[in-house]
Amino acid sequence: MTVGEKQEEKLQVENEPDNEHDEDESQSEENNQSCCTDYLANVNRERLVSKLFYFCFFSAFGALWPYLALYFKQLFISPRQLGILVSIRSSLQFIFTPIWGAFADKYHKSKCVLLIGLCFWFISTISIAVIPSHEKPTACYKMNSITLYANTSANISIASQLEKQRSTSGHGNARLIDHYIPWALGFFRSYEPEESVTFKEVPFPNFKTHPSPEPIADSSRLFVSLLSITVVGVMFASPTQCLADTATIQLLGKDTHEYGKQAMWGSVGYGLTAFVVGASVSGQKHYNPCSKEMNTNFIPCFYVFAVYMLCAIAVATRFQYQPSKGEGKCKPSILAGLKILKNFEYAFFMFVVFFCGTATGFIQTFLFWHLRELGGEQILFSLITITNSTAEVLTYLFSDRFLSHIGPFKVIYVGLVCYALRFFYYSYCSTPWLFLPIELIQGITTAAIWSSFVSYVGSKPGLASTLQGLVSGFYTGLGYATGGFMGGLMVHIFGSSTSFLVFGEISLIVLFMFIIVNNVRTPDNQPLPVTVLKQTKDYVPKTNNEN
């Protein structure tokens, strides 16, 4: 072997480790690419459609629904009118959801009905923002004079201490005439323009008076327009979430216990969007010459709603429906479920479901209304919304552990106690920012209680889906409707603080009655069956009933 051949062989030997190193790097890159490919391959694109739909759909409502009551308040919609709007919406959903579900199942038009419903959500909600300007109340005060005559007289001795009183005063030429007007109208002094006097209106605390001028605008035409939009929109839009749930459940097949992982993205989207959009509009103000306050411009909320709803419509076109075999959530056998209610324990359980729906509907409709009257700021409402959503998601993640350790009944007990705490706190707290800590128990009063309801009804073999339909109807349908309507009347007559106090007292009464009923044995001296179903980690639908 020559010297040149030895050197060439030596160089070849030296290059072999480098070649092996290059091969190792190449193999590592191939492995990484293979891992990424396997990961992407393992991602279920069909389930991704459900996740994306829930995120967009709930994000649309999160952008607007929490602040819709405040928008109506700025338009001088009264609490009673707001309560009627909420109750009508929830009642129509309760009625038309199974009707559209049956229609979709019979004619195999589930996707078509879903897309039509989403379009009506888009059209009806955007219509609220584009109501003709002449339908909206003008911002001015009544300046006309009123002359009242009365022939009553009385000797009156009054001692009182006013903590806070707004009064008006002025000067003019008048002849002072002291007289007494019946208590329904209050006490005041009138004058005729002859002598110079100082006059002042002083309502007394034990009499019903209205010291502030009322807006001259009549909101009845605006209310009729909003009511018409609500009725038409909800009639066609009511089955959207139900049909989306049906598509998701059919997609999951035997893995129905993973439904919560899909629907959780709805809560994430709702909370994040509500916070971001609410915080963004908090700095957009305009002066209201009637209330002499700086009102928030909520029109951008409608724009964000429109964008997300259009995205939800686009995603919904990717849903695939299978021929109905009776397992859908939209068409429960109501008559079969009602037979169960012959049992007093089950009937009272449904009453508790109804009350919790009523309480939740009242809170969601009038909490921000109450905070606005206390001087709450828009950024506070955004923080409350994200706090509520975070508490709900965390509670859902651990709800299985709660249910398996203490059982659904005891979770409901805790939930009713938390309802009472929230209502009493709302009634007595007068500082808006101090409302934020109490919102941490929102997860118990919604997520934990709802999981307990679903877990309990799942213990009835053969009627789980039917009872689930009844629970959903009593909670989000009749419950929300009653909470909006009765809450609106109570706030209109008694005020929001007193109304919260009454709801707190009722919560304790329902709690004690529920404890007593659950300690009564069935005729065969056996306790009512209760099972914990991990697949029932459901999410309370909030899109169709929040303001």
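Counting starts with 1 at the first residue shown.
Just so you know, glycine gets a Cβ as well, placed from its N, Cα and C.
For 1-13, the entry in TrEMBL reads compositional bias 'Basic and acidic residues'.
Taken from TrEMBL, the feature compositional bias 'Acidic residues' applies to 15-28.
Among the features that TrEMBL reports, domain 'Major facilitator superfamily associated' is placed at 51-501.
Summarising the annotation, TrEMBL assigns region 'Disordered' to 1-31.
If you look up TrEMBL, you'll see 52-72 (among others) marked as transmembrane segment.
Per TrEMBL, the feature transmembrane segment maps to 84-103 (among others).
Within its own chain, the transmembrane segment (112-131) is flanked in space by residues 57, 60, 64, 68, 100, 103-104, 222, 225-226, 229-230, 232-234, 236-240, 243-244, 247, 299, 302, 305-306, 309-310, 312-313, 316-317, 319, which lie at least six positions past its ends and keep a Cβ under 8 Å from the stretch. Per TrEMBL, the feature transmembrane segment maps to 112-131 (among others).
As annotated by TrEMBL, transmembrane segment applies to 222-243 (among others).
Nonlocal intrachain contacts for the transmembrane segment (263-282), taken as residues 6+ away from its ends with a CB within less than 8 angstroms of a stretch CB, comprise 51-52, 54-67, 245, 248, 296-298, 300-301, 304, 308, 377-379, 381-383, 385-386, 388-390, 392-393, 396, 538-539, 542-543. Annotated transmembrane segment per TrEMBL: 263-282 (among others), in sequence order.
Residues annotated as transmembrane segment in TrEMBL: 302-321 (among others).
What TrEMBL lists as transmembrane segment is 346-367 (among others).
Residues or ranges marked as transmembrane segment by TrEMBL: 411-428 (among others).
Sequence annotations record features per position, and here TrEMBL assigns transmembrane segment to 440-458 (among others).
The transmembrane segment feature in TrEMBL is assigned to 470-494 (among others). Note on the transmembrane segment (470-494): residues 78-91, 93-94, 97, 329, 332, 334, 337-338, 350, 353-366, 369, 450, 453-454, 457, 502, 540-541, 544-545 of its chain, located 6 or more positions outside it, place their CB under 8 angstroms from a CB of the stretch.
Annotated transmembrane segment per TrEMBL: 500-517 (among others), in sequence order.
The transmembrane segment (52-72) makes contact with the transmembrane segment (302-321): 3 or more of their CB pairs lie within 8 A, with pairs spaced 6 or more apart in sequence. Contact counts against the transmembrane segment (500-517), taken as Cβ pairs under 8 Å, peak for 346-367 among the stretches 84-103, 222-243, 346-367.
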